[in-house]
């Protein structure tokens, strides 16, 4: 902590003492109380919750929504883009899979950047890339410019690398112990809502017409709307998004802040994570579960159109139903986790649950690194499942392809039950409470720091 913050903390303690003179404990009495603990307990920092935290997580959720919308906007009308650009269905499948492929090599440098430069820099880069990609796609609405639209989608997929690992980091940096899981679920909610809109809106905005000029007009409308929203969100991030609050929200976060940059080794952190057996199991189960979802989302148009030609809008509504059910599960699981801290559930709430469970299993390692490894696993399995299920559907039909995914979901469910629930972050937050003294030291005890809620921005 800087000298400025240290002075601020001292002033805060003095102000609290003046406001409550009956509970004021002087320096001598403070030393006496500390002595009762044998000098083992260092004074803990005051913690504070700021109203701005809700603005930060909602802004993140919004630009995550804009980015995830673009992941599925090609795939859900696969047959229409196939006709417009005169390419095969597998090429359009890659417009979704490029999100998965890009993530794998870039997640490690991006996670390092998140750890070294913080949330604001990563948020600015993410929204700038997303905005750039949307405007490139605006310029690609010509049948011979498929390569240009691929470039635009690549920029958006690169932005996703900066986005997916942030929910757990934002929740830990800004939110209190009793609301981190809810905050994380709100962050993931934006991503899921974007996918839901991506299923619903493109089939409505881009009807399957034969006239190429009319089709180009409809595609342009969709791309312009997306570019406008992405530009607005970039401007909001520039002026609104803040790195972190002045005071930490929890003792766990205060401990994490006390680690000096020169004491942190990114490669050593990854090595420790890869030796954590419960976390390795979580990486595999998360990858299996989310990878299946990615495959279904990418191939949904193909699965529906095979049996019901011309039903692009219906395919979008089916995708919407899938994602909305998951969104409800995510929010319910977020609230449930904050109340119970029981982390083993099934598919619908797995996205925020996986992030939060990873943080619990790996504390005090960086939240961005643990969530990055989870997402990397999901992208690898997503590519494998999408390609394999696509080939199975082409050769054996839709039923065989779905059975293929069900087998791996069953394997993931069994492996989830084998994960040991070592909730390290909760232990760190609860350790302060266990050292409280029932005497008058209780009012001052460094193990029970003041928590000031809902303060100024």
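Cβ coordinates come from backbone N, Cα and C, glycine included.
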I'm validating the feature mapping. Which of 1-45, 46-90 is tagged region 'Disordered' in TrEMBL? 1-45
For the transmembrane segment entry in TrEMBL, name the matching range from 260-278, 279-297. 279-297
Counting Cβ pairs closer than 8 Å, which of 54-74, 121-139, 180-201, 399-419 has the most of them with the transmembrane segment (221-241)? 121-139
Long-range environment of the transmembrane segment (121-139) - Cβ separation under 8 angstroms, sequence gap at least 6: 60, 63, 66-67, 70, 110, 113-114, 145, 148-149, 151-159, 162-163, 166, 220, 223-224, 226-227, 230-231, 233-234, 237-238, 241
Tertiary contacts of the transmembrane segment (94-114), as residues 6+ beyond its ends and Cβ separation under 8 Å: 71-72, 74-75, 81, 121-122, 125, 149-150, 153-154, 156-158, 160-162, 164-166, 169, 266, 270, 294, 297-298, 366, 368-369, 372-373, 375-376, 378-380, 382-383, 386-387
